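The following features are taken from TrEMBL:
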- 25-43: transmembrane segment (TRANSMEM)
- 50-71: transmembrane segment (TRANSMEM)
- 77-98: transmembrane segment (TRANSMEM)
- 110-129: transmembrane segment (TRANSMEM)
- 141-162: transmembrane segment (TRANSMEM)
- 169-187: transmembrane segment (TRANSMEM)
- 193-211: transmembrane segment (TRANSMEM)
- 218-237: transmembrane segment (TRANSMEM)
- 317-337: transmembrane segment (TRANSMEM)
- 371-389: transmembrane segment (TRANSMEM)
- 401-419: transmembrane segment (TRANSMEM)
Amino acid sequence: MLVVIFSCVISVVNFGGFYYQYNYPKWVVFDSFCILLVIYAIRSLPSIKLNVIGFAIGFLALYMLITLAWAPNIFESALFICRFLAFTLSIYILISSFSKEKLLSVMTDSVFYASIVFSAATIYERYWLGNAYSSSNFSPIGFVNYLGHVLNIWIPILVLSIYNKRKSLPHLLLGLISLAFLMHLLVESNTRGTILGLLFAEIIVICVILLKTKKVPIKYFSISAAFLGAVVSYSAIDELGFSKLETQLKLIQSLDTGRDKLFLNTIDMIKDNPYGVGVNNFEYIHQKYAKAGTEESSPYITELSILRTPYNILLKFYSELGFIGGSLFLVIFGLVFIQALHNLLKGDYIDAWIFMAVFSLYFHSMFSSVFLTPVSLFFSILLFSFLLSRRGFFIKSAVSFRIEPVFLCLPLVIFLGYLSTLKTVSGNLTSTGYRIGDTDKVQSALDMNPHDYFAALRLFDLYLIKERNAEQALKSLEHAIKLYPYNLYMLIRAAEASAQLGLNNKAEMYKARALAINPNNTQALSVNTGGKLRE
């Protein structure tokens, strides 16, 4: 029941006291869930036993810790390590504590009730309150692609839940209504990674079942049938003129992702940093390799947008952890997928639907930030827990190692709780303080978390515009640049601020750093022509 409650809450919770109202509170829910599970393990598990995957995870976590030595933003690195360990440990705890029958029930019930609550919340916000929506607030989950991350899991597991309890009329009706609404949202969002992932997964499953049984498995056509129905109904509604935000939908559907250029630039980044740039520090280094101002530029490298990930989970780990860490992650990633395929080949209809979810999730992770957002990560815990418990791990380990839970779990609870609280409170102070123009509040956020570059950047604006203190503004901006050394627009603003203060040598230094990233940037080239700071 507790897992179901968490699944419903994380699917809809948001709070306006943050710069981005969706992710911060959802991460709080995710962290709280993991912390409760880990505390449960301290009290209930006699030991933690490591197998092949466990050893690989341990070595990967150790290498993550090593990269702290050269990562620009060690706070974000440390928080990522804690969440990575909490994610993997939560899977182990669920497998060790519950039977596979119970895990199946928990997973299907969590998806069933979460999808209903999510659908009701979306309908309420859109059609009862009449709230406008765009790509950034497409649903209670947040950004349009974040919904696609979750639908990779929800749609196959919801179909499985409906099928398993098809004799219950309320469950059947609510499940079908929820499934129809989710498919409609999928068509509306045009999240290609999810659509293609689900359809390809369905094709693979149908082919495997056909080869195994020599019969056409009609029930596995349900996803394509539901998708086709959603396309037809959505088109009909659109033709009748009932679409409320046709212009916004067209903008969502016409997004030019530029993934191919991003991938190539990230490969250059990996070649130049064979040991990685530091765990979870892709964002802070990539602009050096983004080829800004050229036709090969990575997307979202502008003054008003940032690029947090390479939109490919493998490239993220290889760019941040180099060939050693990236290869360790690839081993773990591959073993889990092979387990899903092994279960499909040896198992029944349940394994088929699980494989669809896993394949769709993996496929989408090659083109998006799947596994890096709180809701998709939460439901991945439930999915992988059942997957790995279903038929036993396909590799039988000859060697295992036992750890007392308290030695691993207690430090994790302390560090994750502390870092998560620090980030949440700092983020709230920065957002609310900047909104009301309270410089002291934003300064306290930076004092609390000196690795919050966004707080330092907000302080720059407040000191410059509200306080009229250009010297303190430059100091705050330089603090942000230490954490974000290749941010083109921070460097340009620092050059302008230095020029205004008569610090010509410093202005030239920042100008040179900006031009090294983009030699043709007109703002950087014109810094010394008057030296007036933009406001």
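Note that Cβ sites are derived from N, Cα and C of the backbone, with glycine treated the same way.
Cβ atoms under 8 Å from those of the transmembrane segment (25-43) belong to residues 2-3, 6, 9-10, 13-15, 18, 83, 86-87, 89-90, 93-94, 96-97, 142, 373-375, 377-378, 405-406, 409-410, 412-413, 416-417, 420, 423-424 of the same chain, restricted to positions at least 6 beyond its ends.
By the Cβ criterion (under 8 Å, sequence separation of 6 or more), the transmembrane segment (169-187) is in contact with the transmembrane segment (110-129), since 3+ such pairs are found. Among the listed stretches 77-98, 141-162, 317-337, 401-419, the one sharing the most Cβ pairs under 8 Å with the transmembrane segment (50-71) is 317-337.
Against the transmembrane segment (77-98), the recorded stretches 110-129, 141-162, 401-419 differ in Cβ pairs under 8 Å, and the greatest number is found for 401-419.
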